[in-house]
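This report refers to the structure that appears directly beneath it.
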């Protein structure tokens, strides 16, 4: 089911102040996808897509002023209480989406008073946890998950009292060049304007001027030459037959991203390097390297680092390594 994609589309559609008729059937489809998505729990213990997409679906329905069955909401509450919402930056994204959905349902009075109190407590707890996990650089999770955390602070009102809010805003302003895709811009711009996705539900469309104008962008200056990146694959888990599975220098063009490095390594003869990715709204996500697959049910993922041990704050399509840099793909547990 395309739960997350349709949810994001409906959120964007609502923000454009459309007439009611075009998207009524899409809201019905989203309700259907939410039910289809949950069929995965019978086999895997989690939605067929992810809790992130499932939470987005509930949020989109709420923003469109549609009631959600209590059983659907309880699924997210149970997942949050049992720590099933992911790891690292992915956990911040998922927890934030779920907290926004809870806050929307409580604020729009789409649930009973008892459940509303539970949802408010869960959202407030998420806000506190995010503040506690903030790094010394102001980033929460990673640079791309930080806007989600800011939206939670804004939605719950913690932005007025929580010092982590101002520190996170400063971190975003120092790293704006990381937000180069439409999906990442859509996450960071509301937060920098003091808004969250919940504000889409209360827009006054008659007061919204048409401010969309074409933007003439100058082409980026061409960078000539090549660079060499040392690519390392590690598996420190007990069931791996050795720690370092791959360690080779990979020549690439000077402007190459990490994704370009992986593709170049796969094209080299006699190295037998192979990898797989999964498309997400934030860009390609690394899922398998050298036949080793990261799976949520096994609680592992491919961690991206620059040597010796610094986690990357960008995705594989956005990070552009320097000449001579060593990049490590490490299969890790969460």
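Our numbering is plain: 1 for the first residue shown, then up by one each step along the chain.
Quick reminder: no glycine exception, Cβ is built from N, Cα and C everywhere.
Because TrEMBL annotations are produced automatically, they should be read as predictions rather than curated entries.
Feature annotations, reproduced from TrEMBL:
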- 49, 50, 51, 52, 53, 93, 142, 187, 302, 303, 304, 312, 334: cyanocob(III)alamin binding site (BINDING)
- 62-104: disulfide bond (DISULFID)
- 257-332: domain 'Transcobalamin-like C-terminal' (DOMAIN)
| remark: One of the binding-site residues 51, 142, 304 has its Cα closest to the Cα of residue 104 (disulfide bond), namely 51
| note | Rounding to whole Å, the Cα atoms of residue 51 (cyanocob(III)alamin binding site) and residue 62 (disulfide bond) are apart by 16
| Structural state census, the domain 'Transcobalamin-like C-terminal' (257-332) (DSSP three-state) | 13 helix, 31 strand, 32 coil
| message | Using a 10 Å radius around its CB, how many other CB atoms surround residue 302 (cyanocob(III)alamin binding site)? | response | 21
| message | Can you check which residue among the binding-site residues 49, 53, 142 has the largest number of Cβ atoms within 10 Å of its own? | response | 53
